Each structure stands twice: as C-alpha cells, then as structure tokens.
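Look at Swiss-Prot and you will find 10-207 tagged as domain 'tr-type G'. The region 'G1' annotation in Swiss-Prot covers 19-26 and is backed by similarity to another entry. The GTP binding site feature in Swiss-Prot is assigned to 19-26, 81-85, 136-139; the stated evidence is sequence analysis. The Mg(2+) binding site feature in Swiss-Prot is assigned to Thr26. According to Swiss-Prot, the region 'G2' annotation covers 60-64. Summarising the annotation, Swiss-Prot assigns region 'G3' to 81-84. Positions annotated as region 'G4' by Swiss-Prot, on the basis of similarity to another entry: 136-139.
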Amino acid sequence: MAKEKFDRSLPHCNVGTIGHVDHGKTTLTAALTRVCSEVFGSARVDFDKIDSAPEEKARGITINTAHVEYNSATRHYAHVDCPGHADYVKNMITGAAQMDGAILVCSAADGPMPQTREHILLSRQVGVPYIVVFLNKADLVDDAELLELVEMEVRDLLSTYDFPGDDTPIIIGSARMALEGKDDNEMGTTAVKKLVETLDSYIPQPERAVDKPFLMPIEDVFSISGRGTVVTGRVERGIVKVQDPLEIVGLRDTTVTTCTGVEMFRKLLDEGRAGENCGVLLRGTKRDDVERGQVLVKPGTVKPHTQFEAEIYVLSKEEGGRHTPFFKGYRPQFYFRTTDVTGSCELPEGVEMVMPGDNVKVSVTLIKPIAMEDGLRFAIREGGRTVGAGVVAKIIA
C-alpha cells in the first residue's frame, strides 16, 4: 500500500512529558491522545502502546522515548514521553532536547521529588524554553491547602533553575480519570482539555530555523532491504529535500551522500524541515558507515572538532553532582546532541581545582571529533550521571 502524504495544514509544535518516575507521565500522554481524538479527531494511542519497550513491562517504568502525535484546534503536536527513571538520564537528555515546551508532571500526592528537580535542571541545560505544569493525581488529595503547598513548591523549584515559576501555568487534575473518560470536579477530561489549550496559548509558535543550512543529529540508523540506509533524528535547522547532497560529520572521517527519501510518522514527504522528527534515506551509504552521534548536514557548513574552550557549570552535591572537586586532567564524558565522547580538561592558569557548584572556563580535548560550532551546549557526565553542563565558547582545533 502506498504511504499517505503527511498533513501539513496545522502548524507543528514539539512537546513532551518530564517528571519523577511513577508520577503519571505516560498516563497523561495516553490521556492527551484520548481527549484530542474525541475533541479534535486525531488518533488515540493506548497506554500499553506508549509503554511498550520490552524492559518497561517488567519494571513498569518507561525506558525508551515514545513518540505520539495529536491535534489541538490550532496545532499539530508531536509528543515525546521522556523516560523518568534516573538510570535513563541519557535518553532524557536526547528526549528533552526535542521540545519547544515541556509538560512537567508532578504528583499532587507526593510533591516534587529528586527527578522532578533533575528534569527541570536538564530542561534548563538542554534549552527547553517553556514548561507547563500538570499537577497529577489531584483526585487523591482531599486537602486544598496541601495542593496549594505542592503548587508553591513546584513554582519555587522552577524559579531556582531560571524558569518563570510565578508565571508558569499549573493545571490541576487526574490523568487516570481523563484516560478513563471521567470528569469528577472537572479533574479528568476538562483538566486535560485545559492543558491542551494552555499548550496552545503559553508555548509560542516556535520560530523554526528553516532558513539556516540543514543539520540533523543522527539518533538511530536502520537498514531497509531494497531501499538502503535510513537515519532518524530531529532536524535541528534548515530543510532537506529529496536529491539534496549531504555530508555525515563527526566521530570518523566526513563522508558524502545523497538524500533519496524523507518520511515522518511512516508517511512520505518531499522534504524534512527544522523541528520535525523524520527519517532520511541515504543513497550509497551502508548501515555500518554511519552511527548515532554523527550529524547529517548541508555540505561544507559544519566541521568536526576535538579541541575547544567552554564555559561549564559543575553541579553541586545537592543538585546530584559530584561530592568532591576535580583537578586538571579530569576525564569525564561530554554529551553532545546524541552521544557521549570522553575528553580531558585543562584548567585556567592559577586555578588548581574546581569545586561542585563552581562555574569555570576550561579547555577540552576530545578523543573523537564532534560536529561543533560556538554556542553548542553539552552535558558533562560520569558513568551515566550528569555532573555538569556547558557551552562551547570558542573552537581551537
């Protein structure tokens, strides 16, 4: 059967759920698709389908990033359900990087928890511009004062990480109720409708970087028999059209290829645009020639680099960072876009050590080249744990 063309009539916006494990992110994601299917006619996606990676069943926690889509009155939303569990921060980083706005799900019964804080911090790090809060499980809280207290705590936490806590919209409701089609005290379907209206009004229509040269970080690589190699990711900027020449940059020698097809949500497109999650079919590129962590770019626009100066912030112990200082020659992993690369740090003259909670300028030398430009953000990690954040200030080599 021929694939149907993707409907572009509504403006497109990327959102996603973040928050502590078991606070109801996946339930809310399913509830959003249910309510939007009834009100605006987009497709419904069941909880089990969103929560479907094999490991997730055993532990009841979401591990991989699930993509769903739904429509509001004015927009088409692509929604990622970000993993909540601390072990999967790596996916959280790639997931949250794909958002024009995030829905922070916080249980009204429990209040903010360690991962609530960590995900707000990560959102700040990876540049999520807007956060809307859904105070979930409100049907389990009888005390209005307690709800008010939790709301204040969440607002304080947002302000701590430079989000506008006082002005952030907070919707109070029950995702489970909405998923079951109930609406007692307007906490179910009505609350989720209100959430969608808030997404429409509070998250401005993102200005897409479509006029800049094409760049897409590669998240995954597939081989499709008879058609070739497909790379998937979110187009960071620009447009890719069928027959465009492209370069694959980073981690190894730069290679040249051609786009022979673009698809999104299993539908064929003539082009992929900034802000969209899509698959790009590459001519003459073997499955083993390309890997996650490389980028697909317009030829000649981005170069791979291994040495740069960066301004970094080292998380304090309270923020879940290191408990001890580090010294020159420190070798953590630097997480750029979709992958970790080990690098060593040189400290400025006169600086002997860097304490948790400090910010400092460092010179970094990576063991593999990364497609890089000034202003590129990264996370600093040790054995899977985020210990800092940084931004490329100046490329050296």
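Note that Cβ sites are derived from N, Cα and C of the backbone, with glycine treated the same way.
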* **DSSP three-state assignment for Ala138 (GTP binding site)** => helix
* Close approaches to the region 'G4' (136-139) from elsewhere in its chain (Cβ under 8 angstroms; 6 or more beyond its ends) -> 23-24, 27-28, 105-110, 147, 172-177, 184-185, 187, 191
* Look up Asp22 (GTP binding site) in the DSSP assignment and reduce it to helix, strand or coil. => coil
* Asked: If you count the other Cβ atoms within 10 Å of each Cβ, which of the binding-site residues Thr26, Ala138 comes out on top?
  -> Thr26
* Structure fact -> Rounding to whole Å, the Cα atoms of Gly19 (GTP binding site) and Thr26 (Mg(2+) binding site) are apart by 10
* To do: For each of the binding-site residues (Asp22, Lys25), count the other CB atoms lying within 10 A of its CB, then report the residue with the highest count.
  => Lys25
* Structure fact -> Mean pLDDT across the region 'G3' (81-84) comes out at 62
* Asked: What is the separation, in Å, between the Cα atoms of the residue listed as 'Mg(2+) binding site' and Ala138 (GTP binding site)?
  -> 16
